[in-house]
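According to TrEMBL:
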- 6-24: transmembrane segment (TRANSMEM)
- 17-250: domain 'Ammonium transporter AmtB-like' (DOMAIN)
- 36-55: transmembrane segment (TRANSMEM)
- 67-91: transmembrane segment (TRANSMEM)
- 103-124: transmembrane segment (TRANSMEM)
- 130-151: transmembrane segment (TRANSMEM)
């Protein structure tokens, strides 16, 4: 950019911050503030390395970060979480949410649902690509909301699960990351949204990485960002140049996993959080006297 910032460098910087935020969600409650800072610094370097390889060297397409943001952030974070997960943290009594916080969290889901079309449209080229990015994302989000509603009721005896509602309703925004600015048609956008909603809901309801891999995914980033991100990449392989898209996807995931594991080795050298103190705000924050009673 000739040494100057513009709106696109700022947006790409925010995308990088988004990837770091996603990664932190996988290990939330298990890392100290110092470890989180080091993780953010190291991941930023890895993110831009993966971004340059994907976009500039390979020339793959990713309209709104389906692979470079969501999948990268998810699997970088899961690689770190794999190192920092322990049987004690997996079975910790506070390794869960409470109904009141789940209820308030729906406000965040609502804001994200409303704003996600503009999130995808912001980096699209003016004209038809921007129109496709906004409309495809909106229609896809309707689809993922329907997908959540169908699967959640089937899996929970005719009732909705609030955690699945918070997340799976947004899965289409992630899945639309690669093809957002392409002419996939309303039916394509709706179908992709439905599948993303199905996959994300099933992930939250049935896929327990703790049982399968001994990996504690605190916020379920694999279910909202990981698998829908991979779905986005698969759509790109189907509708664009297969070799280029597949190579870009493999390179990004490889950098994410290797970078996450290497970063976790550095983080291990720093003061951390004891298993008995996991998921406890009092480790890093001043809390009320009756905090433990809440």
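Note that the numbers count up from 1, one per residue, in the order the chain is shown.
Glycine residues also receive a Cβ, built from the backbone N, Cα and C atoms like all the rest.
Where the annotation comes from TrEMBL, it is an automatic prediction and has not been curated.
Across the residues of the domain 'Ammonium transporter AmtB-like' (17-250), the predicted structure has a mean pLDDT of 95. Between the transmembrane segment (67-91) and the stretches 6-24, 36-55, 103-124, 130-151, it is 6-24 that has the most C-beta pairs under 8 angstroms. Sequence-distant neighbours of the transmembrane segment (130-151) (same chain, 6+ residues past either end, Cβ-Cβ under 8 Å): 63-64, 113, 116-121, 124, 160, 164-165, 168-173, 175-176, 179-184, 186, 188-198, 200-202, 205.
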